[in-house]
Amino acid sequence: MNLPWALLLVLLSHRQLLPWLRTVGETSLNDFYSEAQAKLFLQFYEQTAQVVLNEFMEATWNYVTNITKQNQKNMLQKEADRSQFMLYFSTRARMFRTDHFLNQDVKRMLRKLQNIDKSALPTEDLLEYNRLLTYMETAYNRAEVCLDEGPCLTLEPDLQEIMATSRDQKELLWAWQGWRDAVGRQLRPVFEDYVRLSNKAAQYNGYKDMGALWRSKYESDTLEEDLEQLYKELQPLYLNLHAYVRRSLYRYYGPELIDLRGPIPAHLLGNMWAQSWNNILDLVLPYPTKAPEDITAIMKIQHWRPEKMFEEANLFFTSMGMLPAPPAFWIKSMMEKPADGREVECHTSSWNFYKFNDFRVKKCTEVTLEDLLSVFHQMGHIQYFLQYQNLSVIYQEGASPAFEEAVGSVIALSVSSHKYLLARGLLSQPHQDSEEEVNFLLGIALEKIAFIPFSYLVDKFRWKIFDGTISKITYNQEWWNFRLKYQGLCPPVPRSDDDFDPGAKFHIPANVPYIRYFLGLILQFQLHEALCEASGHVGPLHQCDNYNSKVAGKILGDLLKLGSSRPWREVLQEVTGESNISTKAFLTYFKPLMDWLVTENVKQGDTLGWPDFSCSFEEKITSKVSFLGTDTEPEQAYLGQWVLLSMSFFMLVLILALGFRLHYLEKQLLDEDTMILKTLPYSYFLGIAMEPHQAARKQWLLLGLCCILMLCCIGLLIRIVTQNTENTPWMKNEGQS
């Protein structure tokens, strides 16, 4: 049934539409838009939203776990229905004058209901936007990098495995460049339209641009300033880690690839996006003779399977007195990549289906320590869903997006501890000495500290695109300017604005805000410290393990039960005693490592940062091309080239016709009677009377000149075409560095 009619039926069946119909012709709407009516309005929204949202989530799940045209069509239809539904209720929520409402909960729910993101777009724009988003995400999910003579490789697990385990810089370069060429260049032509429609949606919601709408989720007027301050407080940690890792890579790869005062090539850090460096721990280990045990290898020896990894995470939460994953979770989740040949979206995510106890995870799990920690993170999302499922649909989200990301990572900090891994049989050495402790902390730092600048810059970059600071012709150049400024990284081969390297990161084509990960990274340590103090932990923060701590579980569960029903600052205040996100716990956790890094870098004489360095970039300040000595737009140049070609063809046909006509006339003149020639002694050439044989000679000369001009025209055209399509140097030589 079409949604508007279904909605009308439901409205009538609940007797909620009649008050709205009766208002027509009334002298005053004050009674109708009263606080009491607002409560009835919200009750009805609750009853209908669960059905509409569940249908949309089911259709989307069906598509991402089985990418077909029919499933895509169904998903887009349900998305259109959901958007129409949200627009209906958002429009009516704006009609309530909440200034004099006494119930703060009603005011908060109405305010949240008014912000409906892309659903505010007009129908045609919304359909175009949804098609665009689907195209970008599908292009990302289906992208492959093909060997010259061999199979084509997908991102997960193939290319990620190469980036994590290979130490051959040429192979790493092949995977790194191949992925960006396969994805980014598909997305580059459509990204401008995505930005335009995103901003249009934001403006319909009352915001200047989409960046402003995204920032509004944090209910803070000083968010950007607060973020900059947090980043500055953590920057010394990153700079010291960067300098240490750079020197370690210099020892392995040599001066041909690494400059001890410069940025690091982005393909050498063990991760497709260089956001986490833990896969190169073996290259940078401070004390190689005391290398940590290979937990991934131990898991495989013990025959761990993806489902066991999820069971282990579930056990951790229940040990703290929290809720177990429901039976439907184990049946409906996609815990590993299907073996039946289906195309799926492998990017890890957790799903709330707005139906009692229907929560799922989608993950192409591999048996590795990295994926084990990721599983714990996802089960943190599931725990959040379980805890707040009794709240209104409007409140079924984290206190802020950062809280959603922090919850699972809080548990992962305990899981990473030596104490927990030993208890679960994943380590055999009962104690750590000081050198082993430094090795351990560096392993954590390669994941957490290395992530600081990347998690900060992704949205900072997008916000500047949305507000127009970064123009479409410099997307890629500005991306690498950000990567250099904040991460100290450069592309291993020159890139141009024909490329679109931001699109090689899932969250860009999938339209997922990213600043949540930066704030969540800091918040997880702040929450971890509070839970450890509550559970009575004594000793360094990195040794704390909250497994079996019912006290910590009670505090965390109470936080999760609130959903987004209260401002995040109030929630944080109750748990930590602070109303602001603070870096103090983060710095405390890594203080032993920071002291060691500073000492080591001073001893080696290492430079912090990358002063006076820039990345090699094939600059294209303008998209104009040269045509006949003038700069013009590519489309105009191509049109001009086709006009020249058409003119050349026309001239060729004309010259051939004239030649045949001339030959015929000349033959006719030679065959005519001599007496006739005497009566017509002259022919004309360009209006001048002359002997027939002289006129014929000049006509042949003119024909030859026209042929020469035609050949020159064709030669010029060929030169223009070859000039514009010439390959860039780094595309010719894959091994160039």
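Cβ coordinates are placed from backbone N, Cα and C, and glycine is handled just like the others.
Swiss-Prot marks one residue of Asn66, Asn390 with the annotation N-linked glycosylation site, and that residue is Asn390. Among the candidates Glu366, Glu405, the residue that Swiss-Prot names alongside His377, His381 for the Zn(2+) site is Glu405. With Cys544 (disulfide bond) as the anchor, the candidate recorded positions are Cys152, Arg180, Cys346, Cys364, Arg483, and the one with the nearest CA is Cys364.
By the criterion of other Cβ atoms within 10 Å of the residue's own Cβ, the least surrounded of the disulfide-bonded residues Cys146, Cys346, Cys364, Cys532 is Cys146.
A helical conformation is recorded for Cys532 (disulfide bond) in the three-state DSSP classification. Secondary structure at Cys364 (disulfide bond), taken from DSSP and collapsed to helix, strand or coil, is coil. Listed in chain order, the extra residues whose Cβ falls within 8 Å of the Cβ center of the chloride 1 site residues Arg180, Trp479, Arg483 are Ala266, Asn476, Trp480, Pro491, Arg495, Asp499, Asp501, Pro502, Ala504. The DSSP secondary structure for Cys146 (disulfide bond) is strand. Cα to Cα, Cys364 (disulfide bond) and Arg180 (chloride 1 binding site) are separated by 21 Å. In the three-state DSSP scheme, Cys346 (disulfide bond) falls into the coil class.
Cα of Arg483 (chloride 1 binding site) to Cα of Cys346 (disulfide bond): a distance of 25 Å.
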